[in-house]
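> Let me begin by handing over the structure; questions about it come next.
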Amino acid sequence: MNTLDIFILMVLLIGGLNGLRQGFVKACANLIGWVCALIVGAKYATLIAPSMSALSPDPVVQKIAAFAFIVLIIVVLTWIVTSILNRVLKTLKLGPLNRLAGGAFGSLKGLLIVLISMQGIGSFVESSPYWKQSKFIQALLPYAPMATALTKDTANKAMSHIKSGELTEQGQDLESTKHDSDVHQDSSSHSTKNPFN
């Protein structure tokens with residue numbers, strides 16, 4: 001076991017201890033809550049931005065403020081729901097099971113970070129003797145591309161979901177603008193038409 005093995009073991013251990021401290025419900029809810037907060041914030045920030053006009057007349061600042069507001073609300077709601085669920089689990093005497101599952105979940109998150117890091121830096125350090133002699137590296141290396149591909153696929157799906165929402169909003173804005181223009185043209189034609197003809 002060399003220095004790289006010890007470092008990987010520490011990452012897994014820290015992730016496991018952190019998950020054990022938080023419990024599965026809190027660890028999982030925090031991850032899901034942040035992902036949902038970022039997706040929803042990116043999708044609806046443009047819609048809520050005008051309501052932030054009191055903070056700044058700049059549309060960019062308004063959008064940033066709206067994004068931060070949405071993320072904050074969702075994260076706070078996640079904390080509240082997590083707190084309630086943890087109390088329920090303690091009442092049902094499932095606290096130890098929740099913590100054990102949290103430890104496993106935390107270790108898996110640490111493992112995912114290690115695999116993605118290996119895939120990212122592997123081509124630069126593959127000739128290093130430390131890299132070649134690491135038992136963990138050689139054991140985990142075949143799974144690194146799979147973990148990276150899974151992460152990229154999830155990120156791409158999230159981005160496509162956000163973009164589809166933005167396109168829908170733009171389409172609705174264009175439709176609304178077109179409708180207003182048609183109404184304006186109709187009212188103009190009615191106002192200029194001679195009633196005696």
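Heads up, the Cβ atoms here are built off N, Cα and C, so glycines get one too.
Okay, these came from TrEMBL:
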TRANSMEM  6-24  transmembrane segment
TRANSMEM  31-52  transmembrane segment
TRANSMEM  64-85  transmembrane segment
TRANSMEM  97-118  transmembrane segment
REGION    166-197  region 'Disordered'
COMPBIAS  175-187  compositional bias 'Basic and acidic residues'
> Any chance you could find the range in 6-24, 64-85, 97-118 with the most Cβ pairs under 8 Å to the transmembrane segment (31-52)?
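Out of the listed stretches, 64-85 contacts the transmembrane segment (31-52) most.
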> Quickly jot the same-chain residues contacting the transmembrane segment (97-118) by Cβ under 8 Å, restricted to those at least six beyond its ends, or write none.
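Sequence-remote neighbours of the transmembrane segment (97-118) are 8, 11-28, 31, 86, 89, 137, 140-141, 143-144, 146-148, 151.
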